[in-house]
Structures are given as structure tokens and as C-alpha cells.
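Novice: According to TrEMBL, the protein has these features:
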COMPBIAS  1-12  compositional bias 'Basic and acidic residues'
REGION    1-34  region 'Disordered'
COMPBIAS  13-24  compositional bias 'Low complexity'
TRANSMEM  82-109  transmembrane segment
TRANSMEM  115-134  transmembrane segment
TRANSMEM  155-174  transmembrane segment
TRANSMEM  186-206  transmembrane segment
TRANSMEM  218-237  transmembrane segment
TRANSMEM  257-279  transmembrane segment
TRANSMEM  291-315  transmembrane segment
TRANSMEM  335-357  transmembrane segment
TRANSMEM  378-398  transmembrane segment
TRANSMEM  410-431  transmembrane segment
TRANSMEM  452-478  transmembrane segment
TRANSMEM  484-508  transmembrane segment
Amino acid sequence: MASEVVAHDPEKAVANATTSSSVSDGSHETASVPASEKALSGLQKLNARIEGLSGFEARGISRVMPDERQPPSLWDDISISLLWFSANISVNNLAVGLFGPLLFGLGFLDSAMCAIFGGLLGSISTAYMSTWGPQSGNRTMVVLRYFFGYWPAKVPAFLNIILMLGYCTIDAIISGQMLSAVNGGTMSIAVGIVVVQIVCLGVTVFGMKFFHQYERFAWIPQLMVLFVLIGCAAPHFDTTTTSTGDGPTLAANRLSFFSLCLYVPNSWGAAASDFYVYYPEKTSRVKIFSLTLAGLWTAFALVYMLGIGLGTGIINNPAWHDANAISTGALIVAGYGPLGGFGLFCGVIIALGVISNSIPGTYSAALNCQTLGRYGKVVPRYVWSIVMIVIQLALALAGRESLFAIMSNFLALMGYWVQIMVVIVLLEHLVFRRVGSGGPGFDWTRWEDKQYLPLGFAAMTSFLLGWLGAVLGMYQVWYTGPLAVLAGFADVGLWVGCGFSIVSYLPLRWIELKYIGR
């Protein structure tokens with residue numbers, strides 16, 4: 001998608017110019033030059049050589065100017081949907097569907113309705129955030145500075161690093177589990193984790209061009225083996241199962257699973273603009289929104305339904321029950337059981353498919369590290385990508401035996417803040433900066449101007465109040481908020497948190513504009 005632009009990356013020209021200058025100056029150096037300066041010069045030369053590789057993306061968080069964007073094309077438009085579809089038809093998202101029947105005791109119909117419409121709402125949130133990429137030419141957390149302010153925006157950036165690391169860790173664990181199950185347990189989960197991380201490293205280090213080329217075609221084998229799984233495992237799905245529990249309990253479980261299915265596609269909202277900065281500035285917001293929504297929702301609807309089906313089949317299928325007791329990955333491999341060797345081959349393909357999900361998460365986390373401050377910014381993007389891979393590898397190896405617990409605790413907890421952030425952006429956009437309302441517009445060239453960007457008092461206060469509401473309403477294994485108890489032990493953290501933010505942001509922002517003016 002960015003292949004045309006990467007070849008004309010102005011940051012490469014700057015890097016090369018800097019290196020050339022260093023080489024020229026070095027020709028007149030004497031032996032008295034400190035060793036530290038020689039080492040720095042050597043690192044600069046090495047960095048310029050790496051960034052000069054064909055197809056390598058040297059750009060970090062700096063804005064992509066309009067004249068640096070790629071020309072519009074039908075293929076690039078199609079790639080919008082393919083990116084999200086490819087990245088999300090992975091088994092880690094399929095595993096979320098298991099929670100409906102297994103954790104919340106919901107029947108097939110209840111689980112399906114919650115998954116489909118929860119996925120739709122979460123996809124809408126991410127699709128909205130994606131529209132800022134072409135318009136601004138800035139990455140998501142840089143765009144957020146125009147809503148939160150320069151300093152407060154670092155908080156969501158840090159949270160998004162944690163979020164992306166968490167999801168990529170889950171990707172690595174479940175892939176390792178599946179590769180281990182395919183080999184009958186003779187290969188350890190750790191080996192599978194390492195294999196996935198190595199492939200992910202190779203793509204994320206090179207950046208946007210390789211990333212989009214990979215996502216354009218990675219969905220094809222993934223979709224094929226998922227259809228094979230449907231044909232093989234669907235006869236064992238129990239679509240007649242009914243939900244358990246009395247009225248209040250059932251309502252609480254429905255809301256909790258609905259919210260969980262919302263959290264996962266919604267979590268991409270904190271990274272959505274990162275992948276559109278090379279699109280033309282005048283690209284239709286409606287087109288970006290619609291194509292993003294189509295790719296996301298289609299992918300999540302497919303894998304959620306597969307996960308729900310597998311979950312309903314566990315009760316009446318002893319082989320699936322035993323496999324699920326080993327790991328989630330083993331359960332999915334067991335679904336291919338009747339196909340013998342070909343089923344194991346399909347298991348390998350679907351296990352490696354999580355790489356498509358890990359690549360954008362790692363890429364976004366690396367960019368977020370550059371937004372944390374000037375020291376983070378001077379470290380090249382590809383170096384941060386390597387650091388992120390190493391951290392994911394360490395976390396995955398440490399938590400490889402506890403995937404189900406990690407997912408049930410992590411997914412919901414990290415889903416709260418993203419939606420609160422989106423609510424604040426939406427309010428600022430529609431209420432205070434709506435076209436024709438007389439409010440200030442956006443000067444996207446001033447993304448580092450602290451005197452231009454808002455102070456962020458209103459946004460940060462509302463964000464923290466939203467978190468307070470989320471804590472009061474959350475229902476997790478390790479904590480139950482008082483409002484969750486009143487709601488029949490339903491996870492209402494997202495809804496209470498968003499409500500707190502809406503009620504507080506509007507008056508606080510009005511005060512901020514009146515007395516501070518930005």
C-alpha cells in the first residue's frame with residue numbers, strides 16, 4: 001500500500017545527508033577524536049545503511065505531507081478492507097467466541113447475537129478513528145494530541161503500547177499451543193512461540209511496504225483452512241443449546257459477553273490511523289470508514305461464530321473436551337481431527353495466521369514508543385520494533401500455560417480505556433470542531449507545537465473520570481465493582497465509564513476554551 005511512497009521517503013534523504021556530512025567531517029578528524037564520537041558516527045552510518053535498504057520504511061511518527069502521499073488507486077482502496085480482514089481472521093479472535101458458551105453459560109443463539117452486534121459496535125469505533133489518517137497524515141497517537149494535548153496524549157500512547165504487547169503476546173501463545181498440538185505435544189509451545197516471533201520481526205522491521213504486501217495475500221490460505229474447519233467441525237456444533245441462569249443472571253451474562261466482543265475490534269481504534277497516513281489527503285472519510293468497517297466486521301463475525309460453535313460442541317464431544325483441557329490451540333487442532341494428516345497441515349496454516357494479527361500490533365506499538373518523548377523519537381522505528389518483539393517473546397514464554405486466564409482478564413480490562421478515548425475524540429469533533437459551527441479547525445502541520453495544541457485539562461480529567469466509572473462498573477475475576485454488583489454481576493464498566501466521560505467532558509471543555517482559548 002505504501003510501496004510508492006517508501007521509495008520517496010524524505011526521512012531517508014535526511015538520514016543520508018546527515019551521514020554524508022558525518023563522513024565528510026570525519027575525513028579531517030585527528031586521532032584525538034573521543035572514542036564515543038567515533039562510535040556514534042559508526043552507528044549513524046549503520047543506521048543510514050539499514051534505512052537505505054530497498055522497501056525499508058525509514059519514517060517514524062513525523063507527518064506525511066500531502067505531496068508525499070501515494071496517488072489514489074482501486075487496489076489501494078481494496079487493500080483497506082483486506083488489511084483488516086487478514087489481520088483479524090486469526091485464531092486468537094476465534095478463541096474469544098469460546099467465552100460465550102464456556103465462561104458465560106450462553107446458548108448458541110444468545111452467544112451469536114452478542115458476538116455479531118458487539119463486533120459491529122466495536123468495528124464502528126475503530127472505523128471512525130481510521131478516518132483521521134488520510135486527512136491528517138499523522139499517526140493515531142499524534143492525532144490524539146489535537147484532542148488530549150501534547151503531554152496528556154502520552155498516557156493513551158503508553159496504554160496502547162501495553163495493549164498491543166498484550167494482544168501480540170496472546171497471538172504468540174495460542175500459535176505456539178497449536179504448533180505443539182499439531183506435533184502431538186513433542187514440540188514444546190516455546191518453540192512455536194519463537195517461530196512466530198521471528199517471522200513477525202522480519203516484516204515489522206521493514207515497515208509499511210512489506211507489512212501491506214503480507215496482509216494483501218495472507219488472508220487467502222487463512223480463509224481456506226477456516227472453511228475447511230467449518231466443513232469438518234460444524235456437524236459437532238450444538239446449535240440447540242440454551243443459556244443457563246435466571247433472568248437477571250442471564251441478562252448480566254449477555255451484557256458481559258456483548259461487551260467482551262466489542263472490546264476486541266474496538267481495541268484497534270488506538271492504532272487505526274497508523275495504516276492510512278500514505279493515502280491522499282482528500283480521500284473520502286466515508287470510503288475509509290465503510291471499507292474499514294467491512295473488513296473488520298466480516299472478519300470478526302466469521303471467527304466469533306466459529307469459536308461459539310466449537311464452544312457448544314465441547315460438552316458432547318469427549319475428544320474436544322480433552323483437547324480443551326490441554327489448551328485452546330489443541331481444541332482448534334482437534335476440530336480438524338477427522339482429516340488426519342491434512343488436518344494437521346491446516347492446523348499449521350491457521351497457527352501461522354496469527355502473524356497477520358501480530359504485525360500491525362507490533363508496528364503500532366513501536367510508533368507509540370516514539371510519541372512518549374524526544375528520547376523515544378530519536379530511536380529509529382525499526383529498533384523499537386525489535387524491542388517490542390523481544391518483550392512479546394519474554395511475556396509469551398512466561399505465560400504460555402495460562403492463556404485462558406490471560407485472555408479473560410486482559411481483554412476486558414484494556415478495552416475500557418480505548419472506548420473512553422474514542423468518546424472524547426468524537427465529542428470534540430462533533431461538538432467543538434464541527435464544520436460550520438465556528439469552532440477551530442486542525443492545523444495538522446503543528447503536531448509538535450505545544451503552544452498550539454490544547455492544554456488537555458478537559459480531556460485528561462474526563463479520561464480519568466471515565467476510568468473511575470469503569471472501575472466502579474467492572475466485573476472481573478480479580479475485582480468486582482459496586483455498580484457491577486447492582487447490575488446483577490454484569491460487566492458495565494465500559495458503559496459507566498463512557499457515561500462519566502460524556503457528562504464531564506462537555507462542561508470542562510467549554511470552560512477550557514473560554515478561559516484558555518485552546
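Each residue, glycine too, has its Cβ placed from N, Cα and C.
What's the neighbourhood like for these features in this structure?
Specialist: With a threshold of 8 Å between CB atoms, the same-chain residues lying at least 6 positions outside the transmembrane segment (82-109) that come near it are 1, 115, 167, 170-171, 174-175, 178, 212, 215-216, 218-219, 222-223, 226, 237-245, 253-254, 256-257, 260-261, 264-265, 268, 275, 292, 295-296, 298-300, 302-312, 314, 328-329, 331-332, 350-351, 353-354, 356-357, 359-360, 403, 407-408, 411.
Through the fold, the transmembrane segment (155-174) approaches residues 90-92, 95, 140-141, 144, 148, 189, 193, 196-197, 200, 267, 270-271, 327-329, 351, 354-355, 357-358, 361-362, 364-365, 368-369, 371-372, 388, 391-393, 395-396, 399-400, 403, 406-407, 410, 414, 417-418, 421, 460, 463 of its own chain, all at least 6 residues removed from its boundaries and within a Cβ separation under 8 Å.
Within the same chain, residues 82, 85-86, 89-90, 108, 302-303, 306, 309-310, 312-313, 316-317, 320, 332, 335-339, 343, 346, 349-350, 353, 355-356 sit at least 6 positions outside the transmembrane segment (218-237) and bring their C-beta atoms closer than 8 Å to a C-beta of that stretch.
Tertiary neighbourhood of the transmembrane segment (257-279): same-chain residues 1-2, 5, 63-64, 68-70, 72, 76, 80, 83-84, 88, 93, 96, 99-100, 103-104, 106, 110-111, 114-115, 117-119, 121-123, 125-134, 136-141, 143, 156, 159-160, 163-164, 167, 208, 212, 288, 292, 296-297, 300, 304, 360-361, 363-364, 367, 411-412, 414-416, 418-419, 421-422, 491-495, selected by CB-CB distance under 8 Å and a gap of 6+ residues from either end.
Tertiary neighbourhood of the transmembrane segment (291-315): same-chain residues 77-78, 80-91, 93-102, 107-108, 111-112, 115-116, 119-120, 122-124, 126-127, 130, 226, 229-230, 233-234, 236-239, 241, 261, 264-265, 268, 272, 321, 324, 331-332, 335, selected by CB-CB distance under 8 Å and a gap of 6+ residues from either end.
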Novice: How about the transmembrane segment (452-478) with the transmembrane segment (484-508) - do they touch, taking at least 3 C-beta pairs under 8 Å (6 or more apart in sequence) as contact?
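Specialist: Counting Cβ pairs under 8 Å (6 or more apart in sequence), the transmembrane segment (452-478) reaches the transmembrane segment (484-508), since there are 3 or more.
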